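S.K.: Input: one structure, supplied below.
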Amino acid sequence: MDSYFKAAVSGLDKLLDDFEQNPDKQDYLPDAYAFNQCSVSSESASPQLALLSKDQRCISTCASSEACCEDANETFLEGKIHEGLTSRPNEKNVAGLDLLSSVDASTSDEIQPSCMRRCSKPVCDLISDMGNLVHATNSEEDIKQLLPDDPKSSADTLITLDSSSVSEALTVSSVDCGSNAVREEQNNINAGIKNRDISIKELGVKVDMALFDSCKYNRTENLKDKIISNELETVDFDMPSVLMEQSSEMSNTKDNPQYKRLPCELLKDDGCLAEEKVAVAVNNTECLEEGGGSNTIAMPCKLPENEGISPSDPASKDENFKLPDFPLQENRTSVFMKQTVKEDSRNLDLKDNNDIVHVSGDDVPPSLSCLSLSGSLCGSLIHNNEHSDILPPNESEGQNNDAVTIHEEIQKSDVLDGETDLSKKETCRSIFLQPVNEKKGEGKVEVEEMVISGESLESPEDASSAAAAGSPVALSAASVPEAPGPCEGLTFPSSDMDGQELDYFNIDESMRSGILISDAELDAFLKEQCLSNSNTMSAGENVNDSQLQMNQITMKGLHDENAGDIYFNAEAGAAGENGGVGNCETSDKENTENNGLSIGEKGAIPTERELSACQPDIRDELPVPSIKTQAVGGARPKQLLSLPPGTRSSKELNKPDVVDVPESEPCTANATAVSTCSADHIPDSQVSFNSNYIDIESNFEDGSSFVTANKDSLPENKRKESLVLGQKQPTWVPDSEAPNCMNCQVKFTFTKRRHHCRACGKVFCGVCCNRKCKLQYLEKEARVCVICYETINKAQAFERMMSPGGSCLKSNHSNECATDQPLQETQTSSTPSPTTLPISALKQPNVEGPCSKEQKRVWFADGILPNGEVADTTKLSSGSKRCSDDFSPVLPDVPTMINKVDRTHSPTVEKPNNGLGDIIRSEISQSPTCHTAPVERLPGNTGTEGLPMPGPFTLEDDVFVDSEEPSTPTVVPANSGLPVASISDYRLLCSVAKCVCNNISLLPDDDIGLPPLLATSGEDGSVPVVQERPSHEQIILLLEGEGFPPATFVLNANLLVNVKLVLYSSEKYWYFSTNGLHGLGQAEIIVLLQCLPNEDTVPKDIFRLFITIYKDALKGKYIENLDNLTFTESFLNSKDHGGFLFITPTFQNLDGLPVPRSPFLCGILIQKLEIPWAKVFPMRLMLRLGAEYKAYPAPLTSVRGRKPLFGEIGHTIMNLLVDLRNYQYTLHNIDQLLIHMEMGKSCIKIPRKKYSDVMKVIHSSNEHVISIGASFSTEADSHLVCVQSDGVYQTQANSATGQPRKVTGASFVVFNGALKTSSGFLAKSSIVEDGLMVQITPETMEGLRLALREQKDFRIQCGKVDAVDLREYVDICWVDSEERKNKGVISSVDGMSVEGFPSEKIKLETDFETEEKTVKCTEVFYFLKDQDISILSSSYQFAKEIAVACSAALCPHLRTLKSNRMNKIGLRVSIDTDMVEFQAGCEGQLLPQHYLNDLDSALIPVIHGGTSNSSLPLEIELAFFILENLSE
């Protein structure tokens, strides 16, 4: 076995010598994939090693062997770290013997990691760790200079390969968690730099060393008391600017030849260099109590098993690094495995380094640093989700996803050797390096400045936290000739970034609540967009729960001449780039366990920071493009990066919290990003995105460059990108090539039909293609997708703004198209985009189809018939359908976030998750061309409803995870900080459920105790507080104080009562109003109860009344207008109080009263003797009360202790019409039937739609008498009133205005057919009590019955036969009366008034409920096209079926909906012969798209099944309420 390693070492020596002697001959070398990896995964060991070149496979094998062979030998280094050491791997590809397979020929190599199948130590680490830390320089003398002065340490820490001295640069930064200062220790061995005397506690660092010459892999040596020169720099985050500069002048000047030539330097044809410097993140895995902190020290030979990497840019301002001219692929994943820490030994066990460097070039094998990502990517910080194949699942939960962020997490978990005594958990946050200004010139890119911000978090018990930030430098901004560019990068002080962190790492849930990211940071990532003319390499592969994914970054073809000023403002959340010809596509995804990042064809991925911290909520499987990549020479990919077509599984895990940036945050020139997309280079394959992968096809044409976009370039690019849409007919994508929506990926089914966008020609679903826009080539409006619609509108709006004449911009046809929008902050956005509101999931009518067939009665909006044929849509009409756009409100209360992407629509919605305040973001894109655009979040506040309440969102019906305990910075918890818009707002109940128990009555059993008090100031942002058992004195002080809002009592979790002392009609009254009865289908109740003199206690019996009403409503017994509720016991300390009569206020004065939302009723206290009239003829009692208290038609006040207005039943006509004893029968009352009496004539107006009620009266009445009760007429100016005096019933009139009466209303009419012809009268009409009596002959009665049956008008002449001039007339008229129900009621869907539309209660056989909550459908509104059309029984049955289906669809989401203040939901369904659609909303705002998707699946079968049984057109709206389950 030793011979193999010796042979490998010998071969490596020759390669290094040859490289040094012939550095210029590498221009013709073939492509190579240079990996450096120590695999501990059960699947990735052999495949990944196969990708390595021969020398690096030897490195990996040696590292694994060393880890297996050594068990007890440890090397301790006390003192300071060597920094500045450089090492270089051999960049040549060596084809030859696979050393790993030769050393161990067992068949389990493919599935067993090398260190696991041998022993717990690596076989050899003399070379493997060298690949981790590559510092590319251009000076051969630097090798010798960088060697440590101390020969012993040099011999033990560095591996000398003959004359080729390979050293490693190791940068370790220590974060002082107490002061949030980052102490960066950098070791420069050679230079005579002055050292700072900083004492550091001794740390035992286990260093596995290998004797190179003898290849004995068990050599260890203790290095003690080695004082090595180093530098320590501290970053103070409180300073306005934090520029970390190396004090090492030798690495910052051009004069020093230290970085002139190293073997890993890449010399290209033009002599340019690709240089990178590496920093290694070292986990602080040890806590030392001494000194309050400790520093973790790592030797170059082995790297700790860390969760992330900390790359940095070159340490010299003049050190030039540039991207090669040829297409360059860089795929790297640095994974530092977690390590086992034994606190008692204070030893840092440095496990194998799992750093994978993937280098590929078409012409020359480039030399790439493992970690210097920002340099190689023009300063763009790469989002690199570090998930290693080689770790068990429990060791990768908190891995760092950002290339410049160090996230340490040491927790108790099983590690490779079974040790489980990890106890500390630390997080070093946001050590953030980024080039802010880069200069271009002579084909070289110089980094001028770097900004670093950091923050350290640690547990209180942690002693220290150490993190490595690789050579974080702030290069001096020396005056350097600047090449002209569109825009120069700006220098942003790190104080702008205090307290922020990159979110590309996974954090334990215990730490997650402290992680806050700026609201603007999602938009701030650098977005570039490009077209690819070659294959895209899809990096990473999915593994199951026993494996974790190896992430790689593939990069192709970045021209160094074009590598230019890309900068990033972390606070303002701005990213800039030049739209120009260069295109770059970037799609940001996040995942905590499986995540990869792939850039194809000259793409650049900037640092991505989520302003909304969106977490993917997407389908489990997504199609993967089949893209193959050839590797020439050396190690071959073995299909690791080029996966076959198939599906990938994605998991949904939590991401960090976010916060919003201040409203005053300035937007700099880089606050906008523009990208152009050339449609000429669209490949056939589509790019698939999911939470694990970002496969980006990009292409830089000649002259393209990465430059920042200035303010002037954005509008011009915007116009050019959008003008192409609609100017000529697009290429029509065949239906056969689009099984899924090309935007949201929804699969097309029988009900989810295809829709072609007339602007881009792609195929979308009805949700993504529901807009209409006028296109030039059609010269008329046509269906377009939401993306094209947005693009065209934005361009036109901008042109109108920029053009003095306001004319639309016109230009020549171009193949460019984009929809990138300027960044708009949440606080400053005022006008939503047309695409920001979710639209109905069903189809829209009047859309031109691709071809035509014969006309059918039912057809889908895209012209497809149910039998699969295509309908001629031009011959069909949509009737009187209202477009769903008409219902779109201006300001959504539940905002959605739309990521406007050209041709691909990536809606995102904030969603609370798992009580940690995570905001879920879903993005699924599939299109040959993809753009990235800033996310625009819309404001959600309407009126005083302060906060935007996010709603869960997803793109698939079957993919959604409800959050159970939402708590986010943007979502106020249910019982804290909830803005109170009004005491009558039904959403106020959302804050109560968690504060009280689930009893149906919270009234204390004693006579004094009051229910809990919900205290709130009533102002926006006030915090409701529930107080148990408030005192009466406290309530009186609260109610009598001026300016105080009503006191709100909690009767149960579903019912509130507002109490206030008011002056009404110059008297003092207790005012009670309920809030919550709407949820049961019951109108809210108000009571104005007379306040007795010196009364200082709240009348508790009113609370009992409301509890009784609530319980009756639960049973389906509702109180409506002129209904009553009676008592059998004493009420309000009086046995004379018999109950309440409830009326609907009409002409009464309600000024100054905090009335609830409509509908509501007013309860009037009645006496026991008045109960019979309240039961059999309540209108008489109501009018009598009005006459008594001089109110018209009735008072709203309840007077205690008054005398009854009616006594014992005397001789009244009602004895003939109603049963005043047993209440067995009563007067038939027809709603909206009015009786108007004027001088000389009377008119009985019967609504035509009440014909069925009239027929019931005729059939139930006897042969000679027809009696009908009337309704109160608001058209009359007075009304007849019956007054009982001394047992005699007399007639009075009560006037509304006090003016002379013209039209007087009556309460009933009686037709008596017993008048004899011999009486000499044609007919007699007279006023009896408060009604009209008409006596007619039997012949006239028959004529009246016939006229009523035939719905014809009928006139009765009254008077004597011979007195023609004195006759009066009684006219029976059928009228088209206007519906006056639902006054003041508005729709929950869009805020539209439903006044005048009929409605009825819905009683479902069963309620849909969970363990805690219930969804209840209470009412259905009928939007009749013709007011005379009566409601058919089939319509009601259809409404019930819809209610059942909707309740079932909403049931799984009840908790989330109510947590987001959506406890009242409206569903509107519209059906016509050629169209079906529905809309769902809450408080006038449409629901998030996810619920529409769920409703789509549930409602479509019911809707299509009901179309054949219902009369069309039909439009109904159902009201749903979410209630708490209460117990008796």
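Including glycine, each Cβ sits where the backbone N, Cα and C put it.
Owing to the predicted nature of the structure, the values given are computational and were not obtained by experimental measurement.
Below, the features straight out of Swiss-Prot:
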type	residues	note
BINDING	Cys741, Cys744, Cys765, Cys768	Zn(2+) 1 binding site
BINDING	Cys757, Cys760, Cys785, Cys788	Zn(2+) 2 binding site
COMPBIAS	649-658	compositional bias 'Basic and acidic residues'
COMPBIAS	821-838	compositional bias 'Low complexity'
MOD_RES	Ser120	phosphoserine
MOD_RES	Ser803	phosphoserine
MOD_RES	Ser833	phosphoserine
MOD_RES	Ser884	phosphoserine
MOD_RES	Ser927	phosphoserine
REGION	629-664	region 'Disordered'
REGION	819-849	region 'Disordered'
REGION	928-949	region 'Disordered'
ZN_FING	735-793	zinc finger
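For each listed feature, how buried is it and what is near it?
M.R.: Taken residue by residue with DSSP, Cys765 (Zn(2+) 1 binding site) is part of neither helix nor strand, so it is coil. Cβ neighbour count for Cys765 (Zn(2+) 1 binding site): 28 (other Cβ atoms within 10 Å of its Cβ, all protein chains included).
There are 31 other Cβ atoms within 10 Å of the Cβ belonging to Cys788 (Zn(2+) 2 binding site).
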S.K.: Counting across all protein chains shown, how many other Cβ atoms sit within 10 Å of the Cβ of Cys741 (Zn(2+) 1 binding site)?
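M.R.: The answer is 26 other Cβ atoms.
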S.K.: I'd like to confirm something. Which of the binding-site residues, Cys741, Cys744, Cys765, Cys768, has a Cα closest to the Cα of Cys788 (Zn(2+) 2 binding site)?
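M.R.: The answer is Cys768.
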S.K.: When the Cα of Cys744 (Zn(2+) 1 binding site) is compared with the Cα of each of the binding-site residues Cys757, Cys760, Cys785, which one is closest?
M.R.: Cys785
S.K.: Let me know the DSSP-derived helix, strand or coil state of Cys788 (Zn(2+) 2 binding site), please.
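M.R.: Once the DSSP labels are grouped into three classes, Cys788 (Zn(2+) 2 binding site) ends up as helix.
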S.K.: For Cys785 (Zn(2+) 2 binding site) and Cys768 (Zn(2+) 1 binding site), determine the Cα separation and express it in whole Å.
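M.R.: Each residue's Cα considered, Cys785 (Zn(2+) 2 binding site) and Cys768 (Zn(2+) 1 binding site) end up 6 Å apart.
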S.K.: Under a three-state reduction of DSSP output, how is Cys744 (Zn(2+) 1 binding site) classified: helix, strand, or coil?
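M.R.: Once the DSSP labels are grouped into three classes, Cys744 (Zn(2+) 1 binding site) ends up as coil.
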S.K.: Can you tell me the mean pLDDT for the zinc finger (735-793)?
M.R.: 87
S.K.: Within a 10 Å radius around the Cβ, which one of these binding-site residues has the most neighbouring Cβ atoms: Cys744, Cys760, Cys785?
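M.R.: Neighbour-count leader: Cys785.
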S.K.: Whole-number Å distance between the CA of Cys757 (Zn(2+) 2 binding site) and the CA of Cys765 (Zn(2+) 1 binding site)?
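M.R.: So the Cα of Cys765 (Zn(2+) 1 binding site) lies 10 Å away from that of Cys757 (Zn(2+) 2 binding site).
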S.K.: Between Cys768 (Zn(2+) 1 binding site) and Cys760 (Zn(2+) 2 binding site), how far is it from one CA atom to the other, in Å?
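M.R.: Distance between the two Cα atoms comes out at 13 Å.
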S.K.: In DSSP terms, helix, strand or coil for Cys757 (Zn(2+) 2 binding site)?
M.R.: coil
